[in-house]
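The annotation Zn(2+) binding site is assigned in TrEMBL to Cys82, Cys87, His164, His169. Annotation comment: TrEMBL describes 1-23 as region 'Disordered'.
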Amino acid sequence: MGGVMPSIGNRSSKTFKPKKNIPEGSHQYELLKHAEATLGSGNLRMAVMLPEGEDLNEWVAVNTVDFFNQINMLYGTITDFCTEESCAVMSAGPKYEYHWADGTNIKKPIKCSAPKYIDYLMTWVQDQLDDETLFPSKIGVPFPKNFMSVAKTILKRLFRVYAHIYHQHFDAVIQLQEEAHLNTSFKHFIFFVQEFNLIDRKELVPLQELIEKLTSKDR
């Protein structure tokens, strides 16, 4: 099990995996600051749009890192509740079960507990984000041709963590008074993936009703 188990008293500073930092002073850091400023305006539809003159790959990269950090923190608050016993399979309600494969270390999908699955998933995402050939942090280094397909796979997998939290641990989220935080984060995530068509609709089905509810007010 990766990361430190959070104690409820100081949970705000805990994350499941180490936070992925964007270097200060870099162009991506400026983009992240822009994203944070526009989010503050409260209009999420506007906040996710590609800023004028910016590169789509870079915008997707910065936001993908940000979503990884957000989910990392949100899952970090409920790891006490997501155990081998309580979540013997990685599911999102009774109809949806996820099996893990990363195509390299584990080629054939394996059935495993939710904490194990999420540990595999977040470690895999971290490895992608740390790979300078995939997520270049230096100015002028181009993104690879397969960048968008890698980003789509990352976002598709991160969605599954939201889906698991909502379906299996929402009571714990309410108990910890984190529901507003979770809803805002997920709404931002959904608006972003909808804006750039980054996740197939069929992948979003486990949270379809929630997505309709969260997005209907902003059409």
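Just so it is clear, glycine is given a Cβ too, placed from its N, Cα and C backbone atoms.
Locations of recorded TrEMBL features on the structure.
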residue	record	CB count, 10 Å
Cys82	Zn(2+) binding site	22
Cys87	Zn(2+) binding site	19
His164	Zn(2+) binding site	26
His169	Zn(2+) binding site	24
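Other residues of the same chain near the Zn(2+) site, with their Cβ within 8 Å of the Cβ centroid of Cys82, Cys87, His164, His169, are Ile78, Phe81, Ser86, Ala114, Pro115, Ile118, Ile165, Gln168.
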